[in-house]
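Now, the feature entries from Swiss-Prot:
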- 1-20: signal peptide (SIGNAL)
- Gln21: pyrrolidone carboxylic acid (MOD_RES)
- Tyr72, Ala73, Thr74, Lys145, Lys154, Tyr158: carboxymycobactin binding site (BINDING)
- Asn85: N-linked glycosylation site (CARBOHYD)
- Cys96-Cys195: disulfide bond (DISULFID)
Amino acid sequence: MPLGLLWLGLALLGALHAQAQDSTSDLIPAPPLSKVPLQQNFQDNQFQGKWYVVGLAGNAILREDKDPQKMYATIYELKEDKSYNVTSVLFRKKKCDYWIRTFVPGCQPGEFTLGNIKSYPGLTSYLVRVVSTNYNQHAMVFFKKVSQNREYFKITLYGRTKELTSELKENFIRFSKSLGLPENHIVFPVPIDQCIDG
């Protein structure tokens with residue numbers, strides 16, 4: 001009897017271990033950077049200012065019909081050293097939430113890394129790439145990070161206003177799908193007024 005319980009315990013432990021491995025490998029793999037365009041002749045001074053997050057897609061983003069994602073805003077403030085102070089303003093738990101970080105210029109114009117990355121436990125790399133923008137209406141930005149040895153990526157569709165044309169949204173969907181994301185990993189946050197209009 002004790003031997004039978006031991007085998008049962010080992011079998012359950014093995015099943016739990018296999019399940020844990022499955023849950024860490026269920027992320028859609030990040031695409032190679034060769035599949036992610038870079039905005040030519042990126043103009044850092046024109047990109048700064050407030051952007052509304054009109055669309056979001058990523059391997060850790062899932063559409064929630066019962067509790068849809070609320071729109072938030074991100075402000076890029078260009079500093080003298082050509083890095084950006086980046087502040088995202090979100091409405092959470094009935095109050096305004098601010099997330100502040102620094103994006104440091106990378107190898108090419110329009111590409112950035114996260115400044116002071118060591119202050120983010122578990123984060124080993126963080127890349128930002130401006131895919132396309134016309135500066136005064138819309139932008140598409142690709143983010144990739146490695147956290148706790150897991151690779152996450154997302155694409156953000158920014159608008160200078162809360163509404164963008166259906167053509168721009170369709171283009172965003174097409175691009176997200178070209179990077180391997182299915183429809184349920186693509187969301188269009190619900191426009192709100194709280195916190196993001198100040």
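Count begins at 1; order follows the chain as displayed.
Just so it is clear, glycine is given a Cβ too, placed from its N, Cα and C backbone atoms.
The shown structure was predicted, so the numbers you read here are calculated from the model rather than taken from an experiment.
Known features from Swiss-Prot, placed on the structure.
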| residue | record | contacts (Cβ under 8 Å, 6+ apart) |
| --- | --- | --- |
| Tyr72 | carboxymycobactin binding site | Tyr52, Val53, Ser88, Val89, Leu90, Phe91, Pro189, Cys195, Ile196 |
| Ala73 | carboxymycobactin binding site | Lys50, Trp51, Tyr52, Val53, Ser88, Val89, Cys195, Ile196 |
| Thr74 | carboxymycobactin binding site | Lys50, Trp51, Val53, Val86, Thr87, Ser88, Val89, Thr156, Tyr158 |
| Asn85 | N-linked glycosylation site | Tyr76, Glu77, Lys79, Ile100, Thr102 |
| Cys96 | disulfide bond | Val89, Leu90, Gln194, Cys195 |
| Lys145 | carboxymycobactin binding site | Leu114, Leu123, Ser125, Tyr126, Leu127, Glu151, Tyr152, Phe153 |
| Lys154 | carboxymycobactin binding site | Leu56, Ala57, Gly58, Asn59, Ala60, Ile61, Phe142, Phe143 |
By a simple count of other Cβ atoms within 10 Å, which of Tyr158, Cys195, the recorded positions in the record, is least packed?
-> Cys195
